[in-house]
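Heads up, the thing below is written out as structure tokens.
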Amino acid sequence: MRLPSSIFVSVSLFTAETTAALYLSSTYRSAGDQIWQGLTLLFTLVPSVLVQLTLTFIHRDLSRDRPLVLLLHILQLGPIVRCLEAFCIYGSVGRVEEPYVSITRKKQMPRGGQSEEVERQVGQAEGKLFTHRAAFARTSVIQAFLGSAPQLTLQLYICVLQQGVSIGRGTLMVISLLSIVYGALRCNILAIKIKYDDYEVDVRPMAYFCIFLWRSFEIATRVVVLVLFSSVLQLWVLPVVLLNFLIFFLYPWVLFWKSHSPFPENIEKTLTRVGTTIVLCLLTFLYAGINMFCWSAVQLKLNDPDLINKSQNWYRMAVYYMLRFVENASLLLLWYVYKTDFYKFICAPLLVLQLLVAYAIAIFFMLVFYQFCHPCRKLFSSSMTQGLWDCPSLLCLLCTPSPQSRPIGNAALEPPSPTSPKEPANEGAYETPNDTTYDIPNDTTYDMLNDTIYDIPNDMGHNIGSEMNGGVSHSVSCNP
């Protein structure tokens, strides 16, 4: 069983960023900067509350008699408690013989054109650990793009205005950048596990390294461009941000409306239609926040039972990066035209060139990852090089449509019709586990948006477990 290191990293970043933000807000209060203090606290407390709500919802604490845990979540200490609980579960593995285990089946990556299924036993403790990992994977993405990203932008803007970087502000900026990059990395891993949930995915260190460099250059460049533009055209930055946000917020809803699909009802059985609408709005809100700063590896598809687009759409990715590069270049050009003597100690042309080259480096590492380091690249229906090579021909459809290229363009831009065959439902929006089903004999039910653990009575010897994410599991009794 793997050490829950990802949980420790998530909690460490959450705790460090919250502590640094609270300290920095106290310095703003001492200096009389009430506006900066209020915004710093806003970008700290709002994502913290969302993280607490997410953990409470995933673990179903409201329907269980755990008043102490709920109190700790109200005190914003939920992630720390969950982390300690996960390590306690990890430490207890092997000490007590578990009455039941589950057998899960996963396909291996094709070798020589053939793919073999591998059976693996999963115990009760490992099922609980997986629940914790899945919960913290979601909270890392929420913390990164609804808290750390706007926090980093705000603190860098204050540095530009005050022409200096204090120790507290610099520390918070570094932690925020690491939190954003880590959240983007988790988003990439989640997308891989969702799209290829039938396979045993093994992400190698070189893949992590490429994703880290790709996301670091992409996010850092985007934040600097927004800060430079807002420093000279304060009134115009709000329309630019709102336009970006509204486009990505409404885009999944527009595709859903065009598909004429029924309203999704399978998100959570206990939710009403109003509750389901709120959850979908929060998902699209998070989706828009991610795309504001970088490409979201998880693409929403509201007319799909899983709410996720599992197809590898090279055309959409290429269009996003081309438009984002043009937008960044345009904002830098406007900054260069309207810059004041405030930037007289900076070589403006060299700074513009460095930022554009940095964004190009991010795209380069993205290409390297998908071409050489992606763990499931053997399953791609077409290589990334071929997919990007076909993008210019798809763009020419606007001028000279041809019978051969039109179906490709429609397949890339339009969602499938409701009558098309549906993919297996994951009941989730962000993560699909490597091990899909867990049979737990106690009273506790673990159910999440995508990861569900069903109770199995103790007196049953052999039961067929639930089938989800393409994996078939059989409950096996270890004790007669």
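A Cβ is built for glycine as well, from the same backbone N, Cα and C atoms used for every other residue.
Sequence annotations record features per position, and here TrEMBL assigns transmembrane segment to 36-58, 166-185, 206-229, 235-256, 277-298, 318-338, 350-372. Look at TrEMBL and you will find 409-437 tagged as region 'Disordered'.
Most Cβ pairs within less than 8 Å of the transmembrane segment (277-298), among stretches 206-229, 235-256, 318-338, 350-372, belong to 235-256. When each of 166-185, 235-256, 350-372 is scored by its Cβ pairs under 8 Å to the transmembrane segment (318-338), the top-ranked stretch turns out to be 350-372.
Here the transmembrane segment (350-372) touches the transmembrane segment (206-229). Their Cβ atoms form 3 or more pairs under 8 Å, with each pair 6 or more residues apart.
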